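Colleague: I have a structure I would like to understand better, so I am pasting it below and will then ask my questions one at a time.
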Amino acid sequence: MRMVDIIEKKRDGKSLSKEEIEFFIKGYTNGDIPDYQASSLAMAIFFQDMNDEERAALTMAMVNSGDVIDLSKINGIKVDKHSTGGVGDTTTLVLAPLVAAVGVPVAKMSGRGLGHTGGTIDKLESIKGFHVEISEEDFIKLVNENQVAVIGQSGNLTPADKKLYALRDVTGTVNSIPLIASSIMSKKIAAGADAIVLDVKTGNGAFMKTLEDAEALAHAMVSIGNNVGRNTMAIISDMSQPLGRAIGNALELKEAIDTLNGKGPEDLTELVLTLGSQMVVLANRANTLEEARQLLNEAIENGSALEKFKTFLENQGGDVSVVDAPELLPTATYQIEYKAQSSGVVSELIANEIGVASMMLGAGRQTKEDEIDLSVGIVLNKKVGDVVKEGESLLTIHSNRENVDDVIKKLDESIEIQAQATTPTLIHKIITE
């Protein structure tokens with residue numbers, strides 16, 4: 001088999017066989033196939049697309065390029081949730097203990113975040129003593145005993161994906177549906193999930209800006225999952241404004257605790273219940289979505305979700321007292337109110353830009369080496385569709401420096417007030433095939 005023949009075949013719009021895709025991934029991962037041939041094939045895929053079989057074959061070739069986590073010793077159906085990322089996306093922190101409280105095993109492997117705020121692990125590490133450096137054996141034991149545990153990403157998972165992603169980044173082939181879908185799904189499958197719930201974001205704060213693109217990506221990932229024996233479904237949710245009200249690590253953790261207490265923001269609560277219901281059904285803990293939602297609501301109302309969160313923190317060395325006293329979480333020195341310059345209705349809160357503003361305060365990382373300030377961030381006091389009076393506080397800036405003129409300038413560009421505006425749709429579509 002020759003790489004040049006594979007490139008020409010895809011260039012001419014023909015389908016590649018499973019063997020050809022495996023030959024490419026294996027050869028590229030071990031260094032036999034040079035970057036220039038790999039980037040040529042990536043560009044051919046970018047223009048000619050791939051069918052469902054090719055996408056599934058590419059995904060599994062990347063899964064098999066490295067270690068695969070074996071979670072078979074964990075009882076029950078392991079359902080993993082993946083979000084394509086957004087601003088103020090606190091869902092994992094609420095979802096994990098909530099679905100665990102109704103018996104769904106959550107074996108979560110999480111990374112550190114690059115971008116607007118930290119990843120799930122960074123947020124949890126704003127709790128004193130909490131750690132994710134646990135052995136695989138302890139991880140499995142904790143999930144069997146308490147239904148939920150989080151471990152840091154370790155081992156050599158999907159090395160082919162890491163190598164191909166770095167190449168796509170510099171060759172103009174990032175925005176290709178088959179390449180994005182196989183990249184995301186290979187990581188989830190290698191991490192041992194039996195079933196997968198995807199939260200595909202759309203809007204200005206998302207990777208997929210239009211509903212059409214988000215739908216295409218969701219269909220691609222669901223089809224890959226179902227083709228390789230992993231029950232998969234996707235929800236397309238809105239990210240034109242930040243989710244919830246908090247953007248920042250400790251601030252989002254506090255919001256997660258409020259939500260588990262039944263006092264969270266409406267949109268975050270709704271998204272968590274929608275995603276959670278799907279997870280409960282996929283794990284066979286309920287027959288219908290209505291029944292699943294009822295179980296989740298009960299777990300919030302009777303306090304079992306919050307109890308589950310406490311046990312989870314305790315199991316991993318975290319100081320549980322913060323759950324009852326969130327003021328013990330890292331707190332910024334200055335709280336600065338950002339006030340409305342006119343009266344009207346909030347018509348735009350550009351998620352992306354607000355994320356950048358929060359990063360300027362130190363809430364996120366630009367490079368892997370950056371230190372995150374866990375205490376800083378932004379809390380929205382108004383959301384799109386809310387009425388506001390001139391001089392009223394739109395949001396609160398939590399900062400460890402007194403001068404935040406640069407952040408205010410950024411916020412000026414990301415907020416609009418008009419005579420009228422409507423609240424955006426939160427959940428656009430649910431995709432099961």
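Cβ coordinates come from backbone N, Cα and C, glycine included.
Grabbed the feature section from Swiss-Prot, which reads as follows:
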BINDING   Lys81, His82, Ser83, Thr92, Lys108, Met109, Ser110, Thr120  phosphate binding site
BINDING   Gly88, Thr90, Leu243, Ala246, Glu255  K(+) binding site
BINDING   Arg168, Lys187  substrate binding site
Colleague: I need the nearest neighbour of Lys108 (phosphate binding site) among the binding-site residues Gly88, Thr90, Lys187, Ala246, Glu255, using C-alpha distances.
Modeller: Lys187
Colleague: Let me know how many other Cβ atoms fall within 10 Å of the Cβ of Thr120 (phosphate binding site).
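Modeller: If we count other Cβ atoms within 10 Å of Thr120 (phosphate binding site), we arrive at 23.
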Colleague: Would you list the other residues of this chain near phosphate - those whose C-beta lies within 8 angstroms of the C-beta centroid of Lys81, His82, Ser83, Thr92, Lys108, Met109, Ser110, Thr120 - in sequence order?
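Modeller: In sequence order, the nearby non-listed residues are Asp80, Ala96.
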Colleague: Hey, how far is Thr92 (phosphate binding site) from Glu255 (K(+) binding site), Cα to Cα, in Å?
Modeller: 12
Colleague: Can you name every residue in this chain, apart from Gly88, Thr90, Leu243, Ala246, Glu255, with its Cβ inside 8 Å of the center of the Cβ atoms of the recorded K(+) site?
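Modeller: Near the K(+) site, the remaining chain residues are Asp89, Pro242, Gly244, Arg245, Ile247, Leu251, Glu252, Ala256, Pro265, Leu268.
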Colleague: Of the binding-site residues Gly88, Thr90, Leu243, Ala246, which one has its Cα closest to the Cα of Lys81 (phosphate binding site)?
Modeller: Thr90
Colleague: Given Thr90 (K(+) binding site) and Arg168 (substrate binding site), what distance in Å do their CA atoms have, once rounded to a whole number?
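Modeller: Computed Cα spacing between Thr90 (K(+) binding site) and Arg168 (substrate binding site) is 29 Å.
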Colleague: Going by C-alpha distance, which of the binding-site residues Gly88, Arg168, Ala246, Glu255 is nearest to Met109 (phosphate binding site)?
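Modeller: Minimum Cα distance from Met109 (phosphate binding site) across Gly88, Arg168, Ala246, Glu255 lands on Gly88.
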Colleague: When the Cα-Cα distance from Arg168 (substrate binding site) is computed for each of the binding-site residues His82, Gly88, Thr120, Leu243, Ala246, which gives the smallest value?
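Modeller: Comparing Cα positions, the candidate nearest Arg168 (substrate binding site) turns out to be His82.
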Colleague: Write down the Cα-Cα distance for Lys187 (substrate binding site) and Ser83 (phosphate binding site), rounded and given in Å.
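Modeller: With the alpha carbons as reference points, the distance is 13 Å.
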Colleague: Expressed to the nearest Å, what is the distance separating Gly88 (K(+) binding site) and Lys187 (substrate binding site) at their Cα atoms?
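Modeller: Lys187 (substrate binding site) has its Cα 23 Å from the Cα of Gly88 (K(+) binding site).
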Colleague: Drop a 10 Å sphere on every Cβ of the binding-site residues Ser83, Thr90, Thr92, Ser110 and tell me which sphere holds the fewest other Cβ atoms.
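Modeller: Minimum Cβ neighbour count within 10 Å, taken over the binding-site residues Ser83, Thr90, Thr92, Ser110, occurs at Ser110.
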Colleague: Determine the minimum-neighbour residue: among Met109, Leu243, Ala246, listed as binding-site residues, which Cβ has the fewest other Cβ atoms within 10 angstroms?
Modeller: Met109
